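A quick write-up on the structure given underneath.
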Amino acid sequence: MIPGRIFLVLLVIFNTKPIHPNTLTEKYYESTCSVETAGYKSALRTGWHMTVMSIKLSQINIESCKSSNSLLAHELAIYSSAVDELRTLSSNALKSKRKKRFLGLILGLGAAVTAGVALAKTVQLESEIALIRDAVRNTNEAVVSLTNGMSVLAKVVDDLKNFISKELLPKINRVSCDVHDITAVIRFQQLNKRLLEVSREFSSNAGLTHTVSSFMLTDRELTSIVGGMAVSAGQKEIMLSSKAIMRRNGLAILSSVNADTLVYVIQLPLFGVMDTDCWVIRSSIDCHNIADKYACLARADNGWYCHNAGSLSYFPSPTDCEIHNGYAFCDTLKSLTVPVTSRECNSNMYTTNYDCKISTSKTYVSTAVLTTMGCLVSCYGHNSCTVINNDKGIIRTLPDGCHYISNKGVDRVQVGNTVYYLSKEVGKSIVVRGEPLVLKYDPLSFPDDKFDVAIRDVEHSINQTRTFFKASDQLLDLSENRENKNLNKSYILTTLLFVVMLIIIMAVIGFILYKVLKMIRDNKLKSKSTPGLTVLS
């Protein structure tokens, strides 16, 4: 190991403080029921680093040990079985059914492993193996230029072969497998364990593992590989302090097993963009209720954002990035590129500089979304939503609506029967006040089940609905007006007819009264003018 690499190892060992002691700030935006947690620095994967690993093997004739019940004979049988299994798995076994399964799997994984698979296929060739063998003849590590022009780091693990050749075989040749040197047997078990675990992992994963275990690559080997990467000392420092992340994001690909060598490719992430600002957006559902009709919306731009070359790398899922020592380790293969103006959606969803995305629904949901330093709680309907302190019990019952609960003095939140435990991350919490965006919408005209759409499209849909309702109201008013006019005409005609009939009736009654009065008057006049008659007997 060169002095520079020794320095890196010592730096990681003695640096017990976080590499990036940043202060996190969590802002709750009341208008959109969302939280932005900022203060992280980036560690973005921009490529892969390939290493060809070669474990040297030894040919051991175990025929003479088959009749022995010794511990050594048992261990030799396990060693032989592991080598046979690896040969079956390797792409050199042309007639193997497992080979088809292996190739189908690695070819179906896409661009993430294309380079590693291509390299694994290349070093299957005897000519390439010979190049590697010659390059590492006098050292266990060397950069090898392959015939296809690719340069790779080649590492050789020969401790197992050296032990078998120099210590174990001489003993077997003298006393067969009845070796009573228990120290030698235990040492063989220890060295053999790596080969057995590598065989087990490749066998269980059809020749390709999605992580790099400490058997595939020891910590010492990993440190040596990172120390030789063509990146800055600061980048090496961050990667060496995050070995677990390096392993979880790496791959191991079986290449070949020949007479004396097991060859496989280790593909490690290369984090090329460092120390730019990163933040994460998390949101929950916000609803507006009128007469048991709901309008609900949520931001659809959740995820991680990191500055990268004048724009933002956007990772749609909050799980796309892994946090360690204040750094967000993210894979650019999972990212989208968005303009820096997208951050304006935090304070103004109607910004004209970017199409802010939301999802809509007419069905409420009560739930909680954990944030870095608290929790967003959406509480609606008849659900019980409580804030709990471990020592004091329930300290608050939440009304309907969206609420931000800081982790200060709070241990957990319960929504219905579900309990959410808050993290104990320390930082600064800020509440940005504002009228909930959802309050401006009428549940009757609110669109149902739109996912990841621009808010201007939602506005357009709402305006269309409002236009339809307005047109319907106008038609209804017109119909009512016509009915009212018809009713008025009927009323007038009826009134006129009644008046005419009343006049006629009164005229008839007047005429009759006139006739009766005239007859009475005529009779009186006649009785006065006629003389009286005397009757004689």
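Using the three backbone atoms N, Cα and C, a Cβ is placed for every residue, glycine included.
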>> Of the residue ranges 12-47, 336-371, 444-479, which one carries the coiled coil annotation in Swiss-Prot?
In response: 444-479
>> Which residue in the list Cys385, Cys402 does Swiss-Prot annotate as forming a disulfide bond with Cys379?
In response: Cys385
> If you look at what Swiss-Prot says, which of Cys306, Cys321, Cys330 makes a disulfide link with Cys278?
Replying inline: Cys306
> Which residues in the same chain, at least 6 apart in sequence, have a Cβ under 8 Å from the Cβ of Cys330 (disulfide bond)?
Replying inline: Ser42, Ala43, Leu44, Arg45, Cys278, Trp304, Cys306, Ser313, Phe315, Asp320, Cys321, Glu322
> In the structure shown, which of the disulfide-bonded residues Cys278, Cys287, Cys306, Cys356, Cys379 has the fewest Cβ neighbours within 10 Å?
Replying inline: Cys356
> Mean pLDDT, the topological domain 'Cytoplasmic' (516-537)?
Replying inline: 62
> Can you tell me the three-state DSSP label for Cys321 (disulfide bond)?
Replying inline: strand
> Using DSSP, would you call Cys356 (disulfide bond) helix, strand or coil?
Replying inline: coil
> Which disulfide-bonded residues from the set Cys287, Cys296, Cys345, Cys356 come within 10 angstroms of Cys379 (disulfide bond), judged by C-alpha positions?
Replying inline: Cys287
>> Tell me the coarse DSSP state (helix, strand, coil) of Cys345 (disulfide bond).
In response: helix
